[in-house]
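Okay, so here's the structure we're looking at.
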Amino acid sequence: MSPWIKHICLVLVAAFMLVKTTESKKDEALYCSACMAIADEINYSISQTDPKKMIHVGGFRLKPDGSLTDKKVPLARSETYLTELLEEVCKSMSDYALYENPDTKEKSYKRFAPRDNDGGNFPDFKNFKFDGPESSSALKFACESIVEELEDDIISLFASDSDHVAKTLCSEVSDHCKSSVFQHSEL
């Protein structure tokens, strides 16, 4: 083999190894928690939307008889509304903090701030680790990365009103969570 071919092969191997090491640096607990938080926040927002509100969708084309061919879908499951929710979902990541399960010592990010209709139902704070704004900004970055990467998949999952959206999104579509996470989770 000529020396330049060996050099090119060496450069390609080095580049491949560099890509592999940077891919594996994603914090699994962080990205899994961000994915779960996205599903939880969108589910909550959908549940707070009036189910009677409908929106017209379709091309608004005229049929040969002069009538319109549009259809109504629930606002909460419309692509327009879900896109609006996705634009805002990562702002709520400041309501999450690192939580260490006292039994298993597993770490994940969980919501610590009660929602408006929770009636002041605060969680037990002794297992939360509040590391300042750095931890919530890391979760927000992970959230934004997931939303940017999987926006179309997230919208189609929530628009179809499928069961176990969190499991489907976080375990099957994005592969950020192991399926064992869902044996312990209430999502």
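In case you wondered, yes, glycine gets a Cβ from its N, Cα and C as well.
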Candidate cysteine (C32, C35, C90) that Swiss-Prot pairs with C143 in a disulfide: C90
Disulphide bridge to C35 as given by Swiss-Prot, partner from C9, C170: C170
Proximal residue to C32 (disulfide bond) among disulfide-bonded residues C90, C143, C170 (C-alpha distance): C170
Among C32, C170, C177, the most crowded of the disulfide-bonded residues [Cβ within 10 Å]: C170
For C143 (disulfide bond), the one of C35, C170, C177 that lies nearest, given that the disulfide-bonded residues are compared by Cα: C35
